[in-house]
């Protein structure tokens, strides 16, 4: 079993912790709690760089090693880092899901990359414009953190 953790922080009140677990070469389980969000859906993605020197902006674009368009976590054709939306109620998003495309090892590894929670709902690449195919029109980056191995 390989485990990783990400502590999310931003310039405002949004903060959280997300944990990742992978058994052998199976799907990755993603479990987290993010506080300080407005109620509703917020895009949640893995971005390329583990660089937060300029806040969440320096994390770069979505992790996309196969050079595909943005999509839903259920789409075969999507960025590896496209994890869809997390839903906040009462300012808190608590979630647990599995994802078949991210990994904690190998060429699709998210270790050392940045997890980002966004201001708006991710349209899952169905928005009908160029930005939808890049970012899902998820808006600004509220909080982020570098993903690292943990015991």
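Using N, Cα and C of the backbone, Cβ positions are placed for all residues, glycine too.
Secondary structure from DSSP puts residue 47 (Cu cation binding site) in a beta strand. The feature Cu cation binding site is assigned by Swiss-Prot to 45, 47, 62, 118.
As annotated by Swiss-Prot, Zn(2+) binding site applies to 62, 70, 79, 82, with the evidence given as similarity to another entry. For residue 62 (Cu cation binding site), the count of additional Cβ atoms within 10 Å of its Cβ stands at 24 [all protein chains shown].
Among the features that Swiss-Prot reports, disulfide bond is placed at 56-144. Cβ-based neighbour count (10 Å, all protein chains) for residue 144 (disulfide bond) stands at 25. DSSP gives residue 144 (disulfide bond) a strand state.
Around the Cβ of residue 6 (S-palmitoyl cysteine), a 10 Å sphere holds 23 further Cβ atoms from the protein chains shown. Per Swiss-Prot, the feature S-palmitoyl cysteine maps to 6.
In this structure, the CA atom of residue 82 (Zn(2+) binding site) is 15 Å away from the CA atom of residue 144 (disulfide bond). Residue 56 (disulfide bond) carries a strand DSSP state (E or B).
For residue 56 (disulfide bond), the number of other Cβ atoms no farther than 10 Å from its own Cβ, over all displayed protein chains, is 23. Using residue 118 (Cu cation binding site) as the reference Cα, a 10 A cut-off selects 144 from the recorded positions 6, 70, 79, 144. Between residue 6 (S-palmitoyl cysteine) and residue 62 (Cu cation binding site), the C-alpha separation comes to 16 Å. Spacing of residue 79 (Zn(2+) binding site) relative to residue 47 (Cu cation binding site) is 10 Å (Cα to Cα, whole number).
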